[in-house]
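Structure, as structure tokens:
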Amino acid sequence: MTTVYYDQDVKTDALQGKKIAVVGYGSQGHAHAQNLKDNGYDVVIGIRPGRSFDKAKEDGFDVFPVAEAVKQADVIMVLLPDEIQGDVYKNEIEPNLEKHNALAFAHGFNIHFGVIQPPADVDVFLVAPKGPGHLVRRTFVEGSAVPSLFGIQQDASGQARNIALSYAKGIGATRAGVIETTFKEETETDLFGEQAVLCGGVSKLIQSGFETLVEAGYQPELAYFEVLHEMKLIVDLMYEGGMENVRYSISNTAEFGDYVSGPRVITPDVKENMKAVLTDIQNGNFSNRFIEDNKNGFKEFYKLREEQHGHQIEKVGRELREMMPFIKSKSIEK
């Protein structure tokens, strides 16, 4: 049964008197650090020199190289990209950990797949907001929050659960509610959602729809509007009220087409393919492929990225967005 924790459920402030090092100052890093600081906690930033280092200083934080930040901290939250966490941990974090430190993550990838293997005498926990950093920060300032997940991998001190819940409350997450999970469950469901639906599934669905219309002789501009541009309208309705809200809001023609044609596109074979994707996540095939490609300079990754950048739908989209000044352009030029 799903367990959800709110402000009133966090009885003990296990962060009181502890120093927190937030490693990284990107999307999640700036939000966690600022929310914790606003709640009165002692926060330092660990990061390499660069724009984020300078930005953290401008925001009023004490900023140190990662190793120095870890040395002085009791709780270390690692908020770096998955592909660099392993090296940073090995070279800068692990040598400076002390007994009963707490090592924390917002995504379980490197712990679950064994890239990072903490010593047995430190706590390891997860606090994962289900939204981007800018939303975590904005909702906090507004007095609300983004729902989050939390989980415990190691409880060396006997206080890991209290520390994790206190951390979740510290970033404001318990205002909305935090759901208890495990590193395994968070990692595998997150990767599956990205690959089968949110990123991989949706992008290929849109591309295939665009190609079908263009190959049938329709103008690429109209195809773009029908299968990509208008997606936002549907997703916004879905975000606010689920599929029922979509079907309530669209025309009867569109709703009828949903029922009779959706199953022709997403056939039982698609679900079987989704199961295969999930299996590759569960058995480590995907993580091994990603990790090995990273070691080889991301040759496969960059090749695939370049192929997608050149798709006709991207060229048409860039041109059409120039006609819509109400859209804040986020075109990625190379």
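Yeah, the Cβs are placed from backbone N, Cα and C, and that goes for glycine too.
Not measured: the values here are computed from a predicted model.
Taken from Swiss-Prot, the feature domain 'KARI N-terminal Rossmann' applies to 1-181. The predicted model assigns the domain 'KARI N-terminal Rossmann' (1-181) a mean pLDDT of 97.
Other C-beta atoms found within 10 angstroms of the C-beta of Gly133 (NADP(+) binding site) number 22, with every protein chain shown included. What Swiss-Prot records for Tyr25, Gly26, Ser27, Gln28, Arg48, Ser52, Asp82, Glu83, Ile84, Gln85, Gly133 is NADP(+) binding site, and it gives sequence analysis as the kind of evidence.
Summarising the annotation, Swiss-Prot assigns active site to His107 and lists sequence analysis as the type of evidence. In the shown protein chains, 21 other C-beta atoms lie within 10 A of the C-beta of His107 (active site).
The annotation domain 'KARI C-terminal knotted' is assigned in Swiss-Prot to 182-327 on the grounds of sequence analysis.
The Cβ of Glu230 (Mg(2+) 2 binding site) lies under 8 Å from the Cβ of no residue that sits 6+ residues away along the same chain. Among the features that Swiss-Prot reports, Mg(2+) 2 binding site is placed at Asp190, Glu226, Glu230.
Secondary structure at Asp190 (Mg(2+) 2 binding site), taken from DSSP and collapsed to helix, strand or coil, is helix. Positions annotated as Mg(2+) 1 binding site by Swiss-Prot, on the basis of sequence analysis: Asp190, Glu194.
Summarising the annotation, Swiss-Prot assigns substrate binding site to Ser251 and lists sequence analysis as the type of evidence. The number of other Cβ atoms within 10 Å of the Cβ belonging to Ser251 (substrate binding site), over all protein chains shown, comes to 8. Taken residue by residue with DSSP, Ser251 (substrate binding site) is part of neither helix nor strand, so it is coil.
Look at the binding-site residues Asp190, Glu194 and count other Cβ atoms within 10 Å of each Cβ; Glu194 has the fewest.
Look at Tyr25 (NADP(+) binding site): DSSP puts it in coil. Proximity of Glu226 (Mg(2+) 2 binding site) to non-local residues of its own chain (separation of 6 or more, Cβ distance below 8 Å) is seen for Gly209, Leu213, given in sequence order. Among the recorded positions His107, Glu194, Ser251, the ones whose Cα sits within 10 Å of the Cα of Asp82 (NADP(+) binding site) are His107. DSSP classifies Asp82 (NADP(+) binding site) as helix under the three-state reduction. Across the structure, Asp190 (Mg(2+) 2 binding site) and His107 (active site) are spaced 9 Å apart at their Cα atoms. Once Cβ contacts within 10 Å are tallied over all protein chains shown, the binding-site residues Tyr25, Ser27, Arg48, Asp82, Ile84 are led by Tyr25.
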